[in-house]
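Structure first, then comments.
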Amino acid sequence: MGDKIAVIPGTFDPITNGHLDIIERAAKIFDVLYVSVLNNSSKKPLFTIEERMEMIRQVTAHLPNVQVESASGLTVDYAATRGATAIVRGLRAVSDFEYEMQIASMNRTLNADIETFFVMTNTKYSFLSSSMVKEVAQYQGDISELVPEIVNKAVQAKFK
């Protein structure tokens, strides 16, 4: 039947322990997992795409089936170019579900061969977002429990 290939898209600015938890869990299910790093045109990023990709590569180095790439355009189109049959999305709370359901429905309309898989976050990360990490760090708050160590150092360096 071939490899089970999935895409997990996000801006990952920066990658958090919540993101990493979803990536690690998805990597157990899929043979190949593409982490696609996106630019969100409505946000000014703290890190460049290249910096984000490098951090993700470092924190996922223990996952041999994970590949990190940048992507633009529609995620469903990117997934198709990679031979993926699934898009993985993490859900923190019910509030995430409505937005994600709309995107999943649109993706299904655009390409019925690609399924969306929702993965509930570990409850200890249910409050966690990249935006929150940046806000806490901006005011010299401790983010060491929220992000991997190399990300913590990189974020702290941005706010010195």
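Placement of Cβ uses the backbone N, Cα and C atoms for every residue, glycine included.
What Swiss-Prot lists as substrate binding site is THR11, LYS43, THR75, ARG89, and the listing cites sequence analysis. Classification of LYS43 (substrate binding site) by DSSP places it in coil, neither helical nor stranded.
In the three-state DSSP scheme, LEU128 (ATP binding site) is classed as coil. The ATP binding site annotation in Swiss-Prot covers THR11, PHE12, HIS19, GLY90, LEU91, ARG92, GLU100, TYR125, SER126, PHE127, LEU128, SER129, SER130, SER131.
In this structure, HIS19 (ATP binding site) is part of a helix by DSSP. Taken from Swiss-Prot, the feature site 'Transition state stabilizer' covers HIS19, and the record attributes it to sequence analysis.
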Exercise for the section: For LEU91 (ATP binding site), just count the other CB atoms lying within 10 A of its CB, please. Expected result: 17
Practice task
Count the other Cβ atoms sitting within 10 Å of the Cβ of GLU100 (ATP binding site), across every protein chain shown.
Solution key: 15
Handout entry: Candidate binding-site residues HIS19, LEU91, SER126, LEU128, SER130, pick with smallest Cα gap to LYS43 (substrate binding site)
Key = SER130
Fill in the blank from the handout: Whole-Å Cα distance, ARG89 (substrate binding site) to SER130 (ATP binding site), is 15
Exercise for the section: Please work out which residue of HIS19, LYS43, ARG89 has the most C-beta neighbours within 10 angstroms of its C-beta, and give that one of the binding-site residues. Expected result: HIS19
Practice task
Starting from each candidate's C-beta and looking 10 angstroms out, tell me which of the binding-site residues THR11, SER130 has the most other C-beta atoms.
Solution key: SER130
